[in-house]
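Record features (TrEMBL):
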BINDING   G98, S99, Q115, Q116, F117, R118  GTP binding site
COMPBIAS  1-10  compositional bias 'Basic residues'
DOMAIN    24-179  domain 'C-CAP/cofactor C-like'
LIPID     G2  N-myristoyl glycine
LIPID     C3  S-palmitoyl cysteine
REGION    1-25  region 'Disordered'
Amino acid sequence: MGCFFSKRRKAEKESQPEDEEVQPKQYSWDQREKVDLKDYMFSGLKDVTVGRLPGKVAGQQFLIQDCENCNIYIFDHSATVTIDDCTNCVIFLGPVKGSVFFRNCRDCKCALACQQFRVRDCRKLEVFLCCATQPIIESSTNIKFSCFQWYYPELAFQFKDAGLSIFNNTWSSIHDFTPVSGEHNWSLLPEDAVVQDHVPLPTTEELKAVRVSTEASRSIVPVSRGQRQKSSDESCLVVLFAGDYTIANARKLIDEMVAKGFFLVQTKEVSMKAEDAQRVFHEKAPDFLPLLNKDICIRKQGDGTWRCRQLLQFC
């Protein structure tokens, strides 16, 4: 006993020309560009300077492992970066969308920007950091931090491609998972530390083509004081509401205030809600409610009562 539909399918199959080849079904993953993992890895290197130019990583994962006495520069944005078993290396990482994880590394100096930063089983690292979340260290000693300070023309676009804000930087809010009573596993580098003395510019002709500057005034990320000891207990909060020129206005304000003797403590880009406005602006909150889309908050510290009042009035 047969089925009407099975007979029809059999007839259709018999009607196909014998020399016609049946094309295999195409899937989306078959059409992806093949990735050579060696292009996204530095492994087993010693006494060399290596790197990747802008556009050569393009958001892929990257691995650095078993390197010694090397200078490594990744001038592009990545998905995640893992650094394992490296000794006496200089490492620069462009914006990383996810995490940067150091494991079992010794005597390394780094500059990097990322969403998450973790260190485990490491000793004697110096890190110039921009991190959107609280940096974490575990089972590590003598880890020193300072604020990220770097510039090259493609860097601003790479921050955007990695989904990072130049204003969200909690570089000094370190969480130690394995604290030891009476000891400090981490500290902050001196405020006058010069990033180029720790993470020098590349010297190879290929990498020198990237027009790098380590001047604080040109840094993509505003250079902040963080949790270093303050010279005054007085501080003020400046709120810039989102607009076409918010970032440019924020940078201009920072430059002008620093030139007048103020210190940038920290910056934060947030979405402010009505209850947040009430807490910040009090009785003036209703005046600002129409502006509450996306705001950039900049906290600055002054060294005198008069200046702080003037700045508050300016806000």
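Even glycines carry a Cβ here, placed using N, Cα and C.
TrEMBL does not curate its annotations; it predicts them automatically.
These numbers come from a predicted model, not from an experiment.
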Any further residue of that chain within 8 Å (Cβ to the Cβ centroid of G98, S99, Q115, Q116, F117, R118) of the recorded GTP site = T80, V96, V100, F101, C114, C131, T133
Across all the protein chains here, work out how many other Cβ atoms are within 10 Å of the Cβ of Q115 (GTP binding site).
-> 18
Taken over the domain 'C-CAP/cofactor C-like' (24-179), the predicted model's pLDDT averages 94
What is the maximum Cα to Cα distance, in Å and rounded to a whole number, among the residues G98, S99, Q115, Q116, F117, R118 annotated as binding GTP?
-> 11
When a 10 Å sphere is centred on the Cβ of F117 (GTP binding site), how many other Cβ atoms does it contain?
-> 27
